[in-house]
Amino acid sequence: MPTTQKTLMFLSGFLTSLGSVVVICSILGTQAWITSKIFFTDTISNGTIAITYGLFRGTSSQDLNEGLQELDKNFEVLGILSNSSQKSLHVVVIILLILSLAASLLSSMFTFYNSISNPYQTFLGPMGVYTWNGLSASFVFLTMVLFVGNVDSNHLSEKLSQTLYPDAINKKTTHTYGYSFWLILLVILLNIVTVVIIIFYQKARYHQKQEQRKPVEYAPRDGILF
């Protein structure tokens with residue numbers, strides 16, 4: 001059976017890993033990733049289009065300076081994107097986030113298993129925890145980078161706008177990233193905290209072993225013989 005110290009520290013790691021799982025599920029399920037405001041003109045008027053969307057769903061609204069504006073629209077992101085580089089990169093972003101979720105799930109399983117068992121010298125021990133948290137943080141960081149690249153360099157919002165409002169001619173676009181996007185940083189922080197907890201446990205375990213060896217190392221030779 002593991003010591004009380006090990007149980008408590010690995011349970012703490014389990015809670016932070018489970019926290020990252022919950023946060024990633026929230027990121028996947030919410031649509032407050034980004035709000036893009038697009039200034040446009042068309043044949044009879046001009047105004048702005050506001051598009052708020054996440055990985056799967058979004059909403060758009062139109063504000064015209066004059067004329068009759070369209071009703072707000074709900075849309076499926078992948079559903080209205082044609083086979084394009086924007087759609088391909090968006091799919092990669094989703095896959096990376098799902099991989100990060102899987103890695104965080106495995107981290108939570110490994111930390112919980114270590115809190116009730118002693119697979120210390122195998123991959124099921126701290127090495128496995130380090131691996132899964134490193135992968136989770138890497139996948140979610142790539143998710144952030146690729147999403148920003150798809151929006152800023154690949155003009156994802158403009159592509160969605162052109163599909164929703166084909167008559168509008170885009171002039172200028174501004175982006176505001178929402179809480180769903182910034183929660184990615186919380187996932188990375190939770191991954192780091194999990195690793196730090198296990199590192200502290202390993203250091204404490206090493207010092208305990210060193211303390212246990214000292215009485216034998218410094219005992220008189222006669223005492224050791226008899």
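Backbone N, Cα and C define each Cβ position, glycine as well.
Features reported for this protein in Swiss-Prot:
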- ASN46: N-linked glycosylation site (CARBOHYD)
- ASN83: N-linked glycosylation site (CARBOHYD)
- 8-28: transmembrane segment (TRANSMEM)
- 92-112: transmembrane segment (TRANSMEM)
- 128-148: transmembrane segment (TRANSMEM)
- 181-201: transmembrane segment (TRANSMEM)
| query | Which listed stretch (8-28, 128-148, 181-201) has the most C-beta pairs under 8 A with the transmembrane segment (92-112)? | reply | 128-148
| What's the CA to CA span in angstrom from ASN46 (N-linked glycosylation site) over to ASN83 (N-linked glycosylation site)? | 29
| task | Enter the number of other CB atoms within 10 angstroms of the CB of ASN83 (N-linked glycosylation site). | result | 7
